[in-house]
């Protein structure tokens, strides 16, 4: 029996991975930064890291830009649609759900069925689809009530609270773990928007109620659970995005009916609808949307009990809104599938300042064009700075996971060598 310092035949030779060499170089750079080095060297190292981050994730950043453009157009066209046919919300909601269902099912049968996973092919996801639809419906209904006495500035701030709410539930249910920079980045985004919206609140005299503000905040909870359910279905069962959106749209045709009794609530002001008038409202809504016929033209307008109809060409605005909303749903599902609920939450929060800036351009906003405000750019800067800090936290966590994986591989290699050095 002899002792040889060599491995068994067939055992793969373990060589350092290029990724870990790069990580070692990063670690050396970090140790250099901690020493007395010129400011220019620190800036150069930071710019190099930023360049590598953008180069390695260029597709992600392009997707974010596309998603941002789609979101801005979706929100602008939603407001234009509301201005034209705001008296018939139920009709527009149900018609939009039907359009989404037809489009998603058509796309699924043309492209989606060819790439079905084995788990998706042998499992029925009706319960998960229904759960997502019910959670979305609950979120819409609760938000519908909260929005009635929540001013526009407070609405914008409440939407940003989805960041800490999603972080909490993802930590609790999906077992996410965060770096300190994740918390700091999220905190910067929320505080920046809170300060700006607090300053803007002094410029408005609209009615606002703290109780309804809390109701609006509560609507973010079912929305968070809906997104987490999507993430679980996507990542655990590899379900097709088109199939999920198609079936969810089908269920939403029925869950939207849950909103009908909400229109009878007396505090809904201009959109209040007595129960006895629901049938007439639905009929007039179809006439407005498809025939362009105005019904409510007298005793209506700003400060009155009803909005005035502006049905001419309403179907064009509505179709454009439906198109961008469908694109929004597809990109949202793709981000949640490929990345995570928190990635989508952080990305979606840029909508607020981006939409505010979009209202500066008449060709986008139409009659709702606004004058530029410095506070909107401050909000955008705060969001971008907070997002960069949040992303740095993710990079650090990814680096730690890679280092741990490298250590595990090295320890396995040492055990293999120890077993193989004793040979005959």
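Each Cβ is built from the backbone N, Cα and C atoms, and glycine gets one as well.
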Candidate set 57, 87, annotation N-linked glycosylation site, source Swiss-Prot, matching residue: 87
Range among 27-47, 90-110 that Swiss-Prot annotates as transmembrane segment: 90-110
Do Swiss-Prot's topology records have residue 285 and residue 404 sharing one side of the membrane? no
Taking a Cβ cut-off under 8 Å, which residues six or more beyond the ends of the transmembrane segment (180-200) line up next to it in the same chain? 153-154, 156-157, 160-161, 163-164, 167, 346, 349, 352, 375, 378-379, 381-383, 385-394, 396
Whole-Å Cα distance, residue 300 (disulfide bond) to residue 311 (disulfide bond), is 14
The transmembrane segment (209-229) touching the transmembrane segment (58-78) per 3+ Cβ pairs under 8 Å rule: no
Provide the number of Cβ atoms within 10 Å of the Cβ of residue 288 (disulfide bond), excluding the reference atom itself. 25
What are the DSSP helix/strand/coil residue counts across the topological domain 'Cytoplasmic' (338-345)? 6 helix, 0 strand, 2 coil
